[in-house]
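A.B. asks: This is the feature table in Swiss-Prot:
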SIGNAL    1-26  signal peptide
TOPO_DOM  27-184  topological domain 'Extracellular'
DISULFID  Cys30-Cys111  disulfide bond
DISULFID  Cys70-Cys153  disulfide bond
DISULFID  Cys119-Cys158  disulfide bond
CARBOHYD  Asn126  N-linked glycosylation site
CARBOHYD  Asn149  N-linked glycosylation site
TRANSMEM  185-205  transmembrane segment
TOPO_DOM  206-235  topological domain 'Cytoplasmic'
REGION    213-235  region 'Disordered'
Amino acid sequence: MTVLAPAWSPTTYLLLLLLLSSGLSGTQDCSFQHSPISSDFAVKIRELSDYLLQDYPVTVASNLQDEELCGGLWRLVLAQRWMERLKTVAGSKMQGLLERVNTEIHFVTKCAFQPPPSCLRFVQTNISRLLQETSEQLVALKPWITRQNFSRCLELQCQPDSSTLPPPWSPRPLEATAPTAPQPPLLLLLLLPVGLLLLAAAWCLHWQRTRRRTPRPGEQVPPVPSPQDLLLVEH
């Protein structure tokens, strides 16, 4: 008896490949119908923080974009990667505490986040700060986790580089700027009152001389002596 295999068309193979690829990679629709954040996440984080050495070195991103919707989710993505890394070097007791915290932020793996960009810079800090920031992000995200769609947050973004930022102060446009009058020298300001006083004194002296030479109404002007009169006076 011969059993015939079903005939598979190229379209069928293509559909199967699409289904497999979508199942292997995270969904592009980053939204949550039910809150993945438990009500006692702060207790789990505090228990881990109390057990860990407070000065255990980790790294946090220093130039993540301050995006209102995506910023908190991006920091949880990086924190979740640290939880996975710490579990590989922790003892059995520590692994249990790390796994409890990791469970609280593991929901970020349900979204197909892109690898961190090369522009992202990291600075060293201690584990207590990382856990504190994780708790703060969960507190801020919990009321909105089921109300927002985070599909546009799948690519972590860096802050603009300092070389591309505008200067901290820039002058107004020329058409909106009134021309500035040149500042007079200080010496000119000091000499100006003296010059005005001298000018006033000269004017008063000139006025007094003019007044003496001008006869008043009814006043007789003495005749100007002739040369003969001057000779008689001399003899």
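Positions of Cβ are set from backbone N, Cα and C atoms, glycine also.
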A.B. asks: Distance check, please: Cα of Cys111 (disulfide bond) against Cα of Cys153 (disulfide bond), rounded to an integer number of angstrom.
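C.D. replies: About 9 Å separates the two Cα atoms.
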A.B. asks: So if I measure Cβ to Cβ from Cys70 (disulfide bond) and keep only same-chain residues at least 6 apart in sequence, which ones fall under 8 Å?
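C.D. replies: Non-local contacts for Cys70 (disulfide bond): Phe150, Arg152, Cys153, Gln157.
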A.B. asks: Please name which of the recorded positions listed here, Cys30, Asn149, Cys158, is nearest in space to Asn126 (N-linked glycosylation site), Cα against Cα.
C.D. replies: Cys158
A.B. asks: Can you figure out which of Cys30, Cys119, Cys158 (the disulfide-bonded residues) comes closest in space to Asn149 (N-linked glycosylation site), comparing Cα atoms?
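C.D. replies: Ranked by Cα distance from Asn149 (N-linked glycosylation site), first place goes to Cys30.
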A.B. asks: What average pLDDT does the predicted model assign to the topological domain 'Cytoplasmic' (206-235)?
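C.D. replies: Per the prediction, mean pLDDT sits at 57 for the topological domain 'Cytoplasmic' (206-235).
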A.B. asks: Could you say whether, by DSSP, Cys119 (disulfide bond) belongs to a helix, a strand or a coil region?
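C.D. replies: Coil, per DSSP.
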A.B. asks: Which residue, of the disulfide-bonded residues Cys111, Cys119, has its CB surrounded by the fewest other CB atoms within 10 A?
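C.D. replies: Candidates: the disulfide-bonded residues Cys111, Cys119. Fewest Cβ atoms within 10 Å: Cys119.
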A.B. asks: Might you list, by sequence position, any residue in that chain lying six or more from Cys30 (disulfide bond) with a Cβ less than 8 Å away from its Cβ?
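C.D. replies: In sequence order, the residues whose Cβ lies under 8 Å from that of Cys30 (disulfide bond) (at least 6 apart) are Lys110, Cys111, Ala112, Asn149, Phe150, Ser151, Cys153, Leu154.
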